[in-house]
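Scroll down for the structure; my scribbles are underneath it.
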Amino acid sequence: MLISARRLRRCQSLQLLASCFVLSLMALLVQEDNSLVNHVKSYSYRYLINSYNFVNDSLSVPRDRSDGAAGYRYLINNRHKCLNEDVLLLLFVKTAPENRRRRNAIRKTWGNEDYIRSRYAANIKVVFALGVERDPVKSHHTQQDLVNENKRFKDLIQQDFSDTFHNLTLKLLLQFGWVNSFCPSAKFIMSADDDIFVHTPNLVTYLKSLPIETQDFWIGRVHRGSPPIRSKASKYYVPYEMYPWSSYPDYTAGAAYVVSRDVAAKVYEASQTLNTSLYIDDVFMGICANKMGVVPQYHVYFSGEGKSPYHPCIYNKMMTSHGHLGDLDYLWRQATDSNVKSLSSGFLGNVYCKIVNIMLLCKIGYVDTYPCSAAWS
């Protein structure tokens, strides 16, 4: 009994010493602009951010003072896109006015509604969300091009805010406001950048497998305990007066994520009483969701910043891949080839693809797209 008591006191002493060491180290480095230190501090802080309401309270504004997207008028609006239809997935593509080539490439590949309807018996709707050309010299000509483009494809949603990086939160509010007003019956809503490849067949198959009344659903590449960037040289710079806390609430990368319709409604509701000056849209999305008690779920095949490895064993499970401009057509043909499924089918196929995926995703220093854990899923 005496030995046990001594061991207990020794363990307690070691824990106390370790805690003092960590606290002392953090105190010494607190003034350092060190990325690793900032991440350690912010990740330690994330429990408070995710569990309590002081962040939401500090960013809240009265509803009548909200400066959201409701104050901007629609210049182009396809309000009947979802009318009287049972929509499985409403897919918003965030785009810029000048990116017509990207939009055309998406329409022919992963955003092809007719292809998904005929091959997978699923009704998806793809719309492009954008603001207005920021260059006044080009604005009139560009706007006329957009009007003509929409006459042909009927898939643009545009409001009259300037289409800039610092207005991405307005583009987020445009999306969720449009869902709330014109497509509230869509079961799932996706937001994606226009340089993303979305494996819509895999995504649709996955969404169809979920329970009919799936709720509180939010999947993507989750960032946990991310610190605000305080360097003015970064385009992600956020000053203390805009966001004073050491960590953001958990959120999914804005490049691509999917939510259920109840989450879309909750985010829209929360956005009506939050200060929208925080221009990093995926962080603002996390703040809205946190206010409503919605937690993001990490999906290993939603990509990070880099491109997915080009291999059939990856295509079989991929959901998104980032950074695709000139290769969408090639990747679409490769990823949807009928031989992809047959290659990984059966016991030997599963073993083969498991080995290949481990070799592709578990290399030391490889952090571009999917985590090593994806190889084992």
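Cβ atoms here come from the backbone N, Cα and C positions, even for glycine.
Record features, source Swiss-Prot:
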- 1-13: topological domain 'Cytoplasmic' (TOPO_DOM)
- 14-30: transmembrane segment (TRANSMEM)
- 31-377: topological domain 'Lumenal' (TOPO_DOM)
- N56: N-linked glycosylation site (CARBOHYD)
- N167: N-linked glycosylation site (CARBOHYD)
- N275: N-linked glycosylation site (CARBOHYD)
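Annotation for the glycosylation sites N167, N275: lowest Cβ count within 10 Å of the residue's own Cβ, N275. N275 (N-linked glycosylation site) and N167 (N-linked glycosylation site) are 13 Å apart (CA-CA, integer value). In three-state terms derived from DSSP, N167 (N-linked glycosylation site) belongs to a helical segment. N275 (N-linked glycosylation site) carries neither a helix nor a strand DSSP state and counts as coil.
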